[in-house]
Amino acid sequence: MVSRIIPVETFDLVVFGGTGDLARRKILPALFKRYCSGQMPEGSQVIGAARSELTEEQYRASVAEALREFAGDAAQDVAAVSGFCDHLHYVAVDARGESGWGDLAALLNEGSVRAFYFSVGPGVYSDLAKGLKRHGLTEANTRIVVEKPFGHDLETAQKLNQELAQYFDESQIYRIDHYLGKETVQNLMAVRFGNMLFEPLWNAQYIDHIQITVAESVGVAGRGEYYERSGAMRDMVQNHLMQLLCLIAMEPPSQFEPDAVRDEKLKVIRALDTVAPHHIVRGQYTAADGADSYREDVDNPRSKTESFIALKCQVNNWRWAGTPFYLRTGKRLSERDSEITVMFKDTPHSIFGDEAGRHRNELNIQLQPNEGITLKVTIKEPGPGGMRLVDVPLDMSFAEALGPKGQGAADAYERLIMDVIRGNQTLFMRDDEVEAAWAWTDPIIRGWEARGDVPKPYDAFSFGPDDAALMMRRDGRNWRGLGK
Ligand code: NAP
């Protein structure tokens, strides 16, 4: 097997918010790992930028500490950490003020790919974009990477898009959704569009329903202020679950190329129906097993924000008419588990009689905690004594088949940051996609706000409110995942 990793050009990546939580936990460890894989060409620089006054030595020491905490085994290699730190610089610059811009400009190299990662609070994005332009730090092929949340609703997302568009062309803006950087999410596209086997069956005629679960066992403590304004719908459904739904439901793009893929995703979002109130279950965790309640975590005894949501929606087009999509996400659930299940229909007729039971093919795409794809097929149970059927998994996870290559899959941030450097926007959200997703989300939120809905309580570390299971059972179905 010939490896064809596309090389990257020499780059300057400026991480605004380079001392923050996301930079320490994800961005810098991802860059370090790419450095270890030989993907940081000589002359490339990573420049941390934030308001705090730090010397370069202090910054390098704090990044080395972050790598030891968050970059796994690779960071035990002292020489590797020190080699990476040689590429590191720090500038104290206030994105909203006047100080520090000249120092930053002096560090940037002519001719290197230039990217600015906006790892600062969303309230700073516009000022930062303006500051970069006003101080002459941008060139025609400069890229900016914008973190979530991208807006709070359609109006704020449109405003932010317009503000960024004053300073950058859409081709320069990389709205990051790390779910799209996961190996398995991309493998889902390879499975769908690289095989003859699945695509002919990938429609309402053969698929009974699709489920997407993104469950977390952590609560919201530490992020309470943000989460209280956001809730599960804005924090997870509008972006991550929506993007996963798009990749499952979209038509085959003519090429695996940014606008071709994003055009198809956009069509899916625009084809989503408005969700009826009885197809939505909102929940909020209560204290259990030593964990505080949501209301304690956000310090608001009357909070009506949902820490859990399950909903049933429909993609109103020819391919999917009659095949529901069930989405579920929440905090403080029994386990951390992200997966997509494509449940195929029953065979039209069972030649084996009733005693053979009901057997269905099921394609499971596991995203967290481990990544892998499993197809459940029905076979004969071995041995004499009649025709008994049993479901067995065909494991398509990469680890065994691909050996070390399959195990060492790059983390989502590693892949996405390198895509920014390569100038490949395929796995980033376009402005119209983000706005269409808010246009679908807003009326749903306005609906429950107008009704004064109070989320259903559920025990911390449970499967969520009973009503979520009931919603499924009413349709004669069950959730997959979360211990099932
Ligand atoms: P954080 O820990 O609060 O860090 C914010 C960073 O921004 C700090 O380095 C801060 O340093 C810097 N900063 C603040 N105001 C600035 C200004 N005016 N000019 C220059 N630098 C400034 O936040 P975070 O958790 O890393 O999150 C950063 C962004 O990523 C947010 O938009 C967040 O929504 C998003 N995000 C975070 C996560 C996560 O897991 N943490 C996940 C997804 C998305 P100084 O105070 O020294 O300036």
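Here the Cβ of each residue, glycine as well, is placed from N, Cα and C on the backbone.
According to TrEMBL, the features are:
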| type | residues | note |
| --- | --- | --- |
| ACT_SITE | H240 | active site, proton acceptor |
| BINDING | G17, G18, T19, G20, D21, L22, A23, R24, R51, K148 | NADP(+) binding site |
| BINDING | H178, K182, E216, D235, K331 | substrate binding site |
| DOMAIN | 14-187 | domain 'Glucose-6-phosphate dehydrogenase NAD-binding' |
| DOMAIN | 189-480 | domain 'Glucose-6-phosphate dehydrogenase C-terminal' |
Between D21, E216, D235, which of the binding-site residues has the fewest other CB atoms within 10 angstroms in the structure shown? D21
Sparsest Cβ environment (other Cβ within 10 Å) among recorded positions R51, H178, K182, H240, K331 belongs to R51
Can you tell me which of these binding-site residues sit near ligand 1, meaning the Cβ is under 6 Å from at least one of its atoms: T19, D21, K182, K331? T19, D21
Fewest neighbouring Cβ atoms within 10 Å among the binding-site residues G17, T19, A23 goes to T19
Express the distance between the Cα positions of H178 (substrate binding site) and A23 (NADP(+) binding site) as a whole number of Å. 14
If the substrate binders are H178, K182, E216, D235, K331 per the record, what's the largest distance between their Cα atoms, in Å? 21
Between D21 (NADP(+) binding site) and K331 (substrate binding site), the C-alpha gap once rounded to whole angstrom: 20
Rounded to a whole number of Å, the separation of the Cα atoms of T19 (NADP(+) binding site) and K182 (substrate binding site) comes to 25
Determine, to the nearest whole angstrom, how far the Cα atom of H240 (active site, proton acceptor) is from the Cα atom of K182 (substrate binding site). 12
What is the nearest of the binding-site residues G17, A23, R51 to K331 (substrate binding site), using the Cα of each? A23
How many whole Å apart are the CA atoms of D235 (substrate binding site) and A23 (NADP(+) binding site)? 19
